[in-house]
Amino acid sequence: MLDTLLINIGQLLTMDQEDGLLRREAMNTLPVIENGVVGIENGVITFVGTAEEAKGLQAKEVIDSGGKMVSPGLVDPHTHLVFGGSRENEIALKLQGVPYLEILEQGGGILSTVNATKQASKEELVQKAKFHLDRMLSFGVTTVEAKSGYGLDDETEWKQLEATAQLQKEHPIDLVSTFLGAHAVPKEYKGRSKEFLQWMLDLLPEMKEKQLVEFVDIFCETGVFSVEESKEFLLKAKELGFDVKIHADEIDPLGGAEAAAEIGAASADHLVGASDKGIEMLANSNTVATLLPGTTFYLNKESFARGRKMIDEGVAVALATDFNPGSCPTENIQLIMSIAMLKLKMTPEEVWNAVTVNSSYAINRGDVAGKIRVGRKADLVLWDAYNYAYVPYHYGVSHVNTVWKNGNIAYTRGEQSWSTATI
């Protein structure tokens, strides 16, 4: 007898097509089972199919989905989860047209977050991040990448990473830890960025030993770290056994996309200014293009990443919130799906694949997350929607009814029909 059966699923989005990254037409394809059923035992999916195929199955608990939709848990592959403070006091300055550098000189911008993060205790950071994770869970997210990067010194970076490790133990959401010590150049290292990067590299062996970090990231941008500095830094991180990511071409077409493809990065993120050559190189690589349209939207910029061109040319595209206190303070990945549909010209099918299958590969979770398949852990979302297009169409709210993590209900806001019936 199974532990749980979800029955009467109007649309069961398994996302289970070909293994590996989805590109071109595969991104525009959604495997859907009408009148579907999912069986769960010991936190693992043991049955996926139609009601007809499920006849005779029994479970301790049978949940009637009411004809609504069920999908895999969503994957958010780019967040800056652990930080202190907030920056709502900067909104008025931005609206007045005060340049970011001037805000920075006043102690605002990233410096404000760095100072608040330094002053916060690890436990304070953990509790604050739990609040944000709870919200992510309520939007249907069950796997999250979490970056450090608000320390710019060894003590605070360690504190952020240790907070992430504690959250992994204490919160239902699966976390993937990324070291972003190279997020900016501290004032004391102005003009000496290579020395700062060497300092960050010197921290990596101990991080590897303590298994606190899976990915190493760097902010490759004008005025921060050059393409050559970024490549050298990430290649050294790879030599130490880390997988790598890169904040690439967010503002200027520096060649970050090209660098990511060249060194075999797991993902290149932002890519608003990615060149035609960069897009071509990404299309011919296994590097995922993780697009962050919520950031462009919140910064009130006109030019978004060329998501439509990327998909048409064969780039594997993922979507993420880029949740952070400065440029995208939202945990709402459903809103990101809507913005991607409207501003990146992605179809609903492409959007769904970008927050499940491709986003899981962007953080090396393609074999465990992003699909409903027998043998995988039961990370599932029941939606207050009857078809997948409705979720990005009806924007600005959460359509999530219930979230299962490893077969257990981790979040619910609706009423289900609970019984011990046999189909």
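Every residue, even glycine, has its Cβ placed from backbone N, Cα and C.
The shown structure was predicted, so the numbers you read here are calculated from the model rather than taken from an experiment.
The Zn(2+) binding site annotation in Swiss-Prot covers HIS78, HIS80, HIS247, ASP322, and the record cites sequence analysis as its basis. Every protein chain considered, the tally of other Cβ atoms within 10 Å of the Cβ of ASP322 (Zn(2+) binding site) stands at 29. DSSP assigns ASP322 (Zn(2+) binding site) to coil in the three-state reduction, outside any helix or strand.
The feature Fe(3+) binding site is assigned by Swiss-Prot to HIS78, HIS80, HIS247, ASP322. Cβ neighbour count for HIS78 (Zn(2+) binding site): 30 (other Cβ atoms within 10 Å of its Cβ, all protein chains included).
The annotation 4-imidazolone-5-propanoate binding site is assigned in Swiss-Prot to ARG87, TYR150, HIS183, GLU250, SER327 on the grounds of sequence analysis. According to DSSP, GLU250 (4-imidazolone-5-propanoate binding site) sits in a coil region rather than a helix or strand. Listed in sequence order, GLU221, HIS270, LEU271, VAL272, GLY273, THR295 are the same-chain residues six or more apart from GLU250 (4-imidazolone-5-propanoate binding site) with CB atoms under 8 A from its CB.
Residues annotated as N-formimidoyl-L-glutamate binding site in Swiss-Prot: TYR150, ASN324, GLY326. In the three-state DSSP assignment, the secondary structure recorded for TYR150 (4-imidazolone-5-propanoate binding site) is coil.
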Review point. In whole Å, how far is ARG87 (4-imidazolone-5-propanoate binding site) from HIS78 (Zn(2+) binding site) when you measure between their Cα atoms?
Key: 20
Check your understanding: Near ASN324 (N-formimidoyl-L-glutamate binding site), meaning Cα within 10 Å, which of HIS80, HIS183, HIS247 (binding-site residues)?
Key -> HIS80
**Study point:** HIS80, ARG87, HIS183, HIS247 as binding-site residues, winner by CB count within 10 A
**Key:** HIS247
Exercise for review: Anything within 10 Å of TYR150 (4-imidazolone-5-propanoate binding site)? Look among the binding-site residues HIS247, ASP322, GLY326, comparing CA atoms, and list what you find.
Suggested key: none
